[in-house]
Amino acid sequence: MVTRVVNHRRFSATVSVGDTSQRSTSRYRCVIWSDGGSGVSNYADLIVKAPPTPIAPPELLAVGATYLWIKPNANSIIGDGPIILKEVEYRTTTGNWAETHVVDASTYKLWHLDPDVEYEIKVLLSRPGEGGTGPPGPPLITRTKCADPVHGPQNVNVVDVRARQLTVQWETFGYAVTRCHSYNLTVQYQYVFNQQEFAAEELIQTSSHYTLRGLRPFVTVRLRLVLANPEGSKESEEIVKQTEEDVPGLVPMESLQNTPYEEKIFMQWKAPNETNGAITLYEITYKALSSLDPSADLTTQKGRVFKLQNETHHLFVGLYPGTNYFFTLKASTNKGFGPPVTTRITTKIAAPMMPEYDTETPLNETETTITILLKPAQSRGAPISSYQLVVKEERKSKSRRAASDTPECFSAPVSFRNASALSSPYYIAAELPPSSLTVVQPFTVGDNKSYGGFWNPPLSPAKSYSIFYQAMSRANGETKINCVRLAHKGMSASTQDSDAMEPEKQVDGTVKMAGVIAGILMFIIILLGVILTFKRRRHAYSYSYYLKLAKKQKETASSSTQQREMGPVTTADKSTTKVSTLHKDDPFSTSNQDLNGFDSSQPSLAQPSLTLQSFPYGGCESVELSYQSEGQTAPWEMAKKDENRNKNRYGNIIAYDHTRVRLQLLDGDPHSDYINANYIDGYHRPRHYIATQGPMQETVRDFWRMVWQENSASIVMVTNLVEVGRVKCVRYWPDETEVYGDIKVTLIETEPLAEYVIRTFTVQKKGHHEIRELRQFHFTSWPDHGVPCYATGLLGFIRQVKFLNPPDAGPIAVHCSAGAGRTGCFIAVDIMLDMAENEGVVDIFNCIRELRSQRVNMVQTEEQYVFVHDAILEACLCGNTAIPVCEFRAVYYNISRLDPQTNSSQIKDEFQTLNIVTPRVRPEDCSVGLLPRNHDKNRSMDVLSADRCLPFLISVDGESSNYINAALMDSHKQPAAFIVTQHPLPNTMGDFWRLVFDYNCSSIVMLNEMDAAQLCMQYWPEKNSCCYGPIQVEFISADIDEDIINRIFRICNMARPQDGYRLVQHFQFIGWPAYRDTPLSKRSILQLVRRLAKWQEQYDGGDGRTVVHCLTGGGRSGTFCAICSINEMIQQQNIVDVFHTVKTLRNNKTNMVETMVSSSKPVLPLI
């Protein structure tokens, strides 16, 4: 007992009672003793209470990712109340810690929990007094929900690229990112193959990398990783990668089309359905397996042919008739050849080859018989089945033909007895088996015997006969016959006309007549020679005159740059000497004036203008043209006939009678020989051209009849089908195959280029086995009005026609609409180039006069006449600068070699020539850029685009004008393939994106560095989207590879959302510092060229435009465009022509390729 004094009258006592238990009871009273006595208290009852404990666990009301909402369930308890305090104790089931929260409401929400974690929750209850808190009640074990992942997979990269698989790697992550213990990681990818879109999703089981298998080769794969749990998902950035190439699949068997002939097989095919990359080659092997002719030697009948990717046909020649060939065809990519497709083709049998006979002299001849010598024929593709002797009665008097003439053979087996009934002029006199004629032996026609079922009756003395010997081969349902005339038997002397002229007198009269004719012809030839010499001396335009002009222009340029001059044409000295001789004794020339009307003693010739276009206009060409005959100068009666009027497009441009092309008459139509076409003589080549009008609907069949009849291998078309809304020419060629009358025309290949199109056809006439290949050269860049601004394109076009026209072909068919103006220009330039190359002089005046004597109004206008001079002048200045790819490297090193005497090189002189012929832009040529309202849109007023090349903007942007300082540029194969412009200024960014949208540009190439000091700011968003004027630009993805940053944007016109969106890839080239004229790495710039080409081909089939810009839209942009064009030139024509390419670019923008070092060096790695 413990006592404590409270005051002098009170104290307290405390007693501890031990050994008690719950709910035990006892009675106690207090007894106190003191000196003054004692006292006893009343009894008190002592009851021990139990602390409260919940009977049931807490009730779970709601669950979240970071909270649990519970109800404590404190109403049902074990123990004693009253309950004065409720508490919640919770912890993780795997943790060692616990937290207790006081609950002052009927429900309680536990906050700030972790997602997807299992928790144990208990309730504590307390009653008043010490020890009143009971033990925790039964636990509630529950788990929070998962939460959305924090972010998607990061640092996703493709670390291994193969033809059919990609390996993806990403940064590892754990619970802190997934926010859930149960999650999935998948890869979603898609690609386009054979114009079908494939999309798939795969579950990833690994932690940091995964390999996608079963992809297609050479496809662009778009992929992203997706991290997902039951509550949500997050994606990574999209990755765009292209799988590598693989060997291609099989060439489709159903596309293999074969046309066998006797000694040829024409094979045509299509590219494999699974190209697995860019097809580079086709390989065809063939081998003879067997022949119907047992004597055939097949050991050499095998070979291998390679065809380029755009050549899907081949004509095999030099084959053996009647032979079965085994062909294999397979395609190749850069990875190698794919599996071959095989086929067997049998050539048709050929007629036997008849033996040669020197004369038709028989061995013996009587009145009723004639003995001839028979020689064995040589089989060709099938054994000879039989020999036949054919007797043909000559019912009318005919001149004798030589034995070598090819006669018509006799296929119908007409016997002598049937010949009269059938009114046949011939009969079979004998049929001999090949076994009976293995060696040379005589045979008597008319010996009254039978051979092979045919009677050989005696010949009539009163008739004339021709004796034919023919051999026949039969195999595979074919019958081929060949024959030769062996002898002629005339009537006997007693039956000939007694009034016939004696042979001696006839010969004597013939000799006298021949002598008279020879004398007259000799006189005419001498007279013509004198006249032509006189005319030539009077009117010959010296080729060296143009060379002198070129030389003087170079000297003028050299004096300002202190450079030595080197003439590009090596024949200048020789031509100069020749010209001085021509003019020295000319009685019709006055003082020292040359034939073009320019006084060579005046300063105008010594220092001519440096611009080509400013030289001819306003000169003497108009005076010369006035001396040319205009209009009709020869009869054209046939063209004027009523039956032929509807065959002429224009009534005043029709065919002269003396030079017109006469078609072979059709049965029943005596006027079917007319076509509005004339033969035109070339340079020392009679009838080298046919000048004709563009075919009309009524004359298409006649046109193809003419092409077949004249064996033309080339058609030159110098017009478009429709110009200024008027039909200039009907489409006379097929899209695939078409039959025009009896001519079957099949389109084999179309090769589009920037300024012309080359179409290749096969042509076959009904009833003929021969198949011919023909090309149409369609010059598409002649403007609707006037003439081309520059002759560069036409000169390249003419060279291509010359190169591809076979030397043994017939006339070149040339047409425009009327077949006079443009046709005359083409022919005149072609002839003058030949004349200049062979003689060193040109005679434009007399050339056109001669053309007009053969067809009316050739070279119709003064403007065209001047253009012919322009073309010749440019040819003299520039020459032919094309170099075969196989020779380029050696030629380049040779022309780059420095001459120690002149301290110059040939390439330096060539670049100087390029600067001379580059046209100068006059203020009136760029009037739009000089308008005051457009001044602030130009970085420099010295670098403006000509009005004719401007791409005017279409999208509306408030008050902004439709002007942007840019120029449309041709590539080698596509007109307006490039749009070259300056780096956008801050106030022209909207115009820049309008340009990209309006002209369907799928690519942008940036070649300069960003520099705030020069107002070269970033004009694209790095993420999300941004509006530049009416154009919304949305960022899709970006990646960097070496010196190239690739970005993909999606753009749309917000003012016209119905137009949809377009994808644009932005190539930022960072390997070209501002201080260098050329890129740091040639390989990098060529990689950029290839990537651009691949994107263009993948996105829009190679037809999209590309915006190219540097700081001012000049040197760097021009160099890049030139490399792209030369790359196309190498692919299509296997040549390199740097000069022509840069000249073509400078025709539209003069500052393209500004330095010599950037003009050729980047081309070398292409070779």
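Note: Cβ is positioned from N, Cα and C throughout, glycine not excepted.
Listed in TrEMBL for this protein:
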- 54-147: domain 'Fibronectin type-III' (DOMAIN)
- 152-246: domain 'Fibronectin type-III' (DOMAIN)
- 247-352: domain 'Fibronectin type-III' (DOMAIN)
- 513-534: transmembrane segment (TRANSMEM)
- 556-603: region 'Disordered' (REGION)
- 588-603: compositional bias 'Polar residues' (COMPBIAS)
- 639-875: domain 'Tyrosine-protein phosphatase' (DOMAIN)
- 795-866: domain 'Tyrosine specific protein phosphatases' (DOMAIN)
- 907-1155: domain 'Tyrosine-protein phosphatase' (DOMAIN)
- 1083-1155: domain 'Tyrosine specific protein phosphatases' (DOMAIN)
Highest Cβ pair tally under 8 Å against the domain 'Fibronectin type-III' (247-352), stretches 54-147, 639-875, 907-1155, lands on 639-875
DSSP tally for the domain 'Tyrosine specific protein phosphatases' (795-866), helix/strand/coil in that order, comes to 45 helix, 6 strand, 21 coil
Comparing 54-147, 152-246, 639-875 for Cβ pairs under 8 Å with the domain 'Tyrosine-protein phosphatase' (907-1155), the winner is 639-875
Residue counts (helix, strand, coil, in that order) that DSSP gives for the domain 'Tyrosine specific protein phosphatases' (1083-1155): 48 helix, 8 strand, 17 coil
